[in-house]
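What TrEMBL records for Ser174, Asp334, His364 is active site. Annotation comment: TrEMBL describes 92-252, 307-367 as domain 'Alpha/beta hydrolase fold-3'.
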Amino acid sequence: MSLSLSISPPISLSFSPPPPPRLQGDLCQCLGLSHHITVIRGPTLGLGSPGEMAGGQGGRVRVSDVDFDRVPVRVYEPPAAGGGEGGLRRAVMFYHGGGWALGTTKMGSYDVLCRQMSDELNAVVVSVEYRLAPEVHFPVQYEDCLAAAKHFLEPGILGKLSVDPQRVAVSGDSAGGNLAAAVAQQISVDDSVSVKFSVQALIYPVLQGLDLNTPSHQQNHNIPMLHRSMMARFWLLYLGVDTSLHPLLLSPSLLHHPSIPPSVRSHLNWTTLLPAKHIKHYKPVGMETGSQEVTGQEGDLLPGLLDVRAAPLLAEQGVLGRTPRAYILTCEYDVLRDDGLMYTRRLQDAGVAVSSHHYDDGFHGAFSFAHSPFYFDVGKRMIRGYMDWLQENL
């Protein structure tokens, strides 16, 4: 694995760093002082300069914080009129990542990305401040995102913002990609919504939690920025179930619970959905030994894991076929790689046009490391490819 890291300007480090935020958070939770996620949130907010995180006038883009159907959003408006009929502009609704528990529209990396999108694409960008775990759990995050989307897609709101109703995208990274996929599915089948998204752009999305033993989970189980155990913790937080179920979520027995229909398993059968080059030498964990232990705790986990609002990969072909054309970005060094690759295949099988962009040197979270003061070259290339695709397809 070869990564190119640039630091600008050069800096000299001569201090002993504090314990990682996760360790601080675990300690505070053990002592009963605070939930570990609450402790982690502070350091993650600061990925950007104070100027970048402030609302108001920033460079060429006008930024305002408002509510869409009681959901806080940050709206980025470009200075120029659109090039379409009547000066209408395209638009992007964006959901940030962070395991449904971290992140914010004000986080520097997301703020910079949305400003860049608005400026380069001459687009209205709406970044959604959905509520987070552990304060709320599924389906609240999804419902916030859906409510904001339905409000934004109202013809009167689009008209007020001079948005072309034929050129509206939904997008997000990681957990935000999960929310974008789920919202795109629901909007596509909701006859009460007259304006539909024209494209969906998913950045290393998490799309299912039933099988955390896919080849990418096996290959990258201990690779930053998101390792397998951490992804399981985020799922437990999102679903609001006890953290003692962590071993069960990682166990292959969960996927083989007798209550799961074969048709559902087929929707995430990576032995048939993944390209051979990504299957490599990996085999389904536990299948050869017939390990199908049932503990009785599955009842707490399965309802959420089987809900397509939380696991868009499990949607039926009829629903997938109604969703808009897609851009799906995946990274080789990412436990979520196979979620995106399987979703690509399922969308294609349903007749949806998909542009699959896989980065052999990519890792989870690289989108947040594409700007000064430090960045990875692969992060810059990812954002460039994402922007170019939106420029051409939106």
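All residue numbers here begin at 1 and follow the chain in the order shown.
Cβ atoms here come from the backbone N, Cα and C positions, even for glycine.
Per-class residue totals from DSSP over the domain 'Alpha/beta hydrolase fold-3' (307-367), listed helix then strand then coil: 22 helix, 19 strand, 20 coil.
Looking only at the domain 'Alpha/beta hydrolase fold-3' (307-367), the predicted model's pLDDT averages out at 98. Taken residue by residue with DSSP, Ser174 (active site) is part of neither helix nor strand, so it is coil.
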